[in-house]
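Chemist: From Swiss-Prot, here are the annotated features:
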DISULFID  Cys9-Cys25  disulfide bond
DISULFID  Cys16-Cys29  disulfide bond
DISULFID  Cys24-Cys34  disulfide bond
Amino acid sequence: GLIRPSKRCIGGGDPCEFHRPYTCCSGYCIVFVCA
């Protein structure tokens, strides 16, 4: 899977700013789940 760090976010399951299954991980929004 491709991991693309995006806008910074706060851990806790923030929706970030995507309608796709992005997850907040290590302070960044990544695709799907944290590796």
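Cβ coordinates come from backbone N, Cα and C, glycine included.
Since we're looking at a predicted model, the values are computed, not measured.
I'm curious about the neighbourhood of these features; can you describe it?
Modeler: Cβ-based neighbour count (10 Å, all protein chains) for Cys29 (disulfide bond) stands at 20.
Packing around Cys24 (disulfide bond) is summarised by its Cβ count: 20 other Cβ atoms lie within 10 angstroms of its Cβ, all protein chains included.
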Chemist: Calculate the distance in Å between the alpha carbons (Cα) of Cys24 (disulfide bond) and Cys9 (disulfide bond), and round it to a whole number.
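Modeler: Here the two Cα atoms lie 6 Å apart.
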Chemist: In whole Å, how far does the CA atom of Cys9 (disulfide bond) lie from that of Cys29 (disulfide bond)?
Modeler: 7
Chemist: Between the disulfide-bonded residues Cys9, Cys25, where is the Cβ count within 10 Å the lowest?
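Modeler: Selected from the disulfide-bonded residues Cys9, Cys25 on minimum Cβ neighbours within 10 Å: Cys25.
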